[in-house]
Amino acid sequence: MSWQTYVDEHLMCEIEGHHLTSAAIVGHDGATWAQSTAFPEFKPEEMAAIMKDFDEPGHLAPTGLILGGTKYMVIQGEPGAVIRGKKGSGGITVKKTGQSLIIGIYDEPMTPGQCNLVVERLGDYLLEQGM
């Protein structure tokens with residue numbers, strides 16, 4: 001299965017009638033493996049800051065998580081495994097796997113819990129596969 005198929009069928013899938021706004025799978029080095037059409041263009045330093053928060057949980061708390069120029073307030077995640085952010089009626093979930101970051105961005109009517117479910121389910125599957 002291609003990485004694009006994972007994005008299209010597993011991240012951008014319908015859940016309770018709703019979809020993520022955008023999603024991507026990005027390598028730990030910041031290289032995009034696959035993304036949805038609406039996924040924001042991000043700067044290398046934004047991805048580096050996200051990776052640093054996985055190594056040093058709490059690193060992003062003072063500044064927020066920034067992706068594609070959009071700033072999200074960091075809310076409780078799972079240190080070293082999941083970063084969650086909120087901005088207005090939407091937000092972001094980032095799940096770290098052995099080789100990649102699974103990123104989902106949502107807005108209402110999708111809920112934070114639905115975004116977490118979609119992103120973390122794929123991330124857990126990839127971890128089980130050694131990826």
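Using N, Cα and C of the backbone, Cβ positions are placed for all residues, glycine too.
The Cβ neighbour count for Cys115 (disulfide bond), using a 10 Å radius over every protein chain in view, is 25. What Swiss-Prot lists as disulfide bond is Cys13-Cys115.
Annotated motif 'Involved in PIP2 interaction' per Swiss-Prot: 81-97, in sequence order, evidence recorded as a curator's inference. Here the motif 'Involved in PIP2 interaction' (81-97) returns a mean pLDDT of 98 for the predicted model.
Counting every protein chain shown, the number of other Cβ atoms lying within 10 Å of the Cβ of Thr111 (phosphothreonine) is 14. Residues or ranges marked as phosphothreonine by Swiss-Prot: Thr111.
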